[in-house]
Amino acid sequence: MSSSFVNTVYRRAPSCASLLNRVVIHRTAASAAPLAASPVTPESLINEQRSQSKESKDHEKTKQERLSPSAKPKKELQTSTSFVMNLFRGEFYPNELFPYPNVLNEEQRENVKMFIDPLWKFFEEKNDAAKNDQQGKIPDDIMNGLKEQGAFGIQVPVEYGGLGLTNTQAARLFEIASAHDLSISVCMGAHQSIGFKGIVLFGTEAQKKKYLEKLASGEQIAAFALTEPSAGSDVASIKTKAQLSSDGKHYILNGSKIWISNGGIAEVFTVFAQVPTVDDKTGQTQNKMTAFIVERKFGGLTNGAPEKKLGINSSNTTEVYFEDCKVPVENVLGGVGNGFKVAVKILNNGRFSMVAGLSGTMKMAIRKSIDFAKNRRQFGRTIDTYGNVQEKLVRMEMRQYITESLAYLLAQNMDRGIPEYQCEAAVGKIFASESAWFVLDEAIQIHGGMGFMKATGLERVMRDLRIFRIFEGANDILRLFVAFTGLQYVGAHLRELQQAVKSFNFNAIVGEGSKRLRRGIGMAAGPNINEHIHSSLHSSGTLLSKSIDQFGATIEQILIKYGKSIRDEQFIVHRIGDVVIDIYAMAAGLSRCTQSFTSQVPTAVHESNLVRIWCEEAYDRINYNLNLIQNPAFVARSKLMTELAREIVDKESTVPIHPLGF
């Protein structure tokens, strides 16, 4: 994940920064009166003439190259429209955030509203999440009821038998499912958010016609088969093989997958395997990761017993085995060798549903906590009147508000056709899963002993939630992914900027040079956020502006200091990820709250107070982390922790001797 950009990009970063600094100093000195003249000596004149002669020759060479008919046109500096990616350059790209998107027309709003009440009523009156958890199975009548409501084909186009809802509309329904039963939400998500999503995104017309109608109706259940015993986060290292048959009509699939949601009930699987392919140039055999649509009825596909899990007990999770499973060549999904691209696209595309769903889970826990706090009396008062509980409720709502803002920002941007959202989706998944855990923990604490009891229902939800920080991209890995993706982008930009300096691209030099000059003399170089947000939020907007500028400057310094070795500095990279999450969350909250003021939403003032608290505290965390990663004492502690970890691993236990000596 981090290896693609660490070879040449960072090696050039220091020289690029040096060149820019020289350019800025040169331009500033040239336009100002000399403060002190250097003594003129024969040696200095000779050196100056040599320098000018060299510069003249270099300039003439560059000019000739530029004017030559055969000269290749200089490439413009590559840019991304992603808000998160540009944070790493200290840049503010507002188009994806401001104003907060509002993509649903009136017909679409009314359409999704038709599904909300029946689905809510179904979960309230028909489904018993606690009973499902105890039995370890979603009852058939519940599955059939969901199928009747179209819940297994929410985003399948109408022409293929689905509801044809947009990402934004679908997000609203996933909120309801996740508020009531996370096991059912996982089953639904494993089926359509990732299970057959590849067919929707990459399938041929023939594949869509063959599979989507039965999948949308729930007649067939789908599963996503990627994870293997030796390949978790490192998906490119999968071992399952797909060998082309001698007649060229089938791929023979052999291998196994683990922890597959819906693995024991699915009829259709999106399976990832390595296809041995002979390179035409070298004659060597290379493995190419490829996606396949595999049916259980093909034969050679079996599954193990349902796994015994900490949570989401009524969702089906099994191992899946392939033994000489014959898959028709027409069931290749997205082309041979494109499996990694297909897998990443599916996972990125499906993350909005998790973020939206978990915002619903949090809202449920908050409602329960409010009801309990209003009625629980201690020391002559209801506990909602005590500051300790009040702070918990506010922080719970604040987390839910930001998660909801991220969810519908992501879903609506996807509906707008925004092409780059992989980092934003990863940030949303991290924030939502960690916030949901925080909210449930606080909800249990507010309930006290009652929160620990099964009857309250919170302990089941907390057990269910633990997996969300692990599956569909472990949060630890996603933090590194976001950070390394941004660092790669900055590295590429610095490399291009170095080239621009060499060829004297005036606009690029002035733009970057002036920014560094403003920073160097203490002038604010941050973007003007306040022109995009409501006036009551300007103090928070100023904090966001400062955070973006400080982050960009720090990233540049980190690259200059560490170069390509940044890939090995996970103590630092992890905290870079934390800063990105805080900045993006600030921006999402400010954008949504501004939209609430613009639309005259009656809760706008309440929202603004939540956002104010969030931004002020996030700004403090950002400053702390940016200072920390440049602090020599932190670097020393990180190295010490590496040494301590080695000692712990070597001993295969804790190292200190017991205080009793035995």
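Every residue, even glycine, has its Cβ placed from backbone N, Cα and C.
Per TrEMBL, the features are:
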COMPBIAS  51-66  compositional bias 'Basic and acidic residues'
DOMAIN    112-219  domain 'Acyl-CoA dehydrogenase/oxidase N-terminal'
DOMAIN    223-325  domain 'Acyl-CoA oxidase/dehydrogenase middle'
DOMAIN    337-483  domain 'Acyl-CoA dehydrogenase/oxidase C-terminal'
DOMAIN    536-652  domain 'ACAD9/ACADV-like C-terminal'
REGION    40-78  region 'Disordered'
Per DSSP, the domain 'Acyl-CoA dehydrogenase/oxidase C-terminal' (337-483) contains 124 helix, 4 strand, 19 coil
For the domain 'ACAD9/ACADV-like C-terminal' (536-652), the DSSP residue counts stand at 107 helix, 0 strand, 10 coil
Using DSSP three-state counts, the residues of the domain 'Acyl-CoA oxidase/dehydrogenase middle' (223-325) come to 6 helix, 55 strand, 42 coil
Counted with DSSP (H/G/I as helix, E/B as strand, rest coil), the domain 'Acyl-CoA dehydrogenase/oxidase N-terminal' (112-219) has 80 helix, 0 strand, 28 coil
On the domain 'Acyl-CoA dehydrogenase/oxidase N-terminal' (112-219), the mean of the pLDDT values is 97
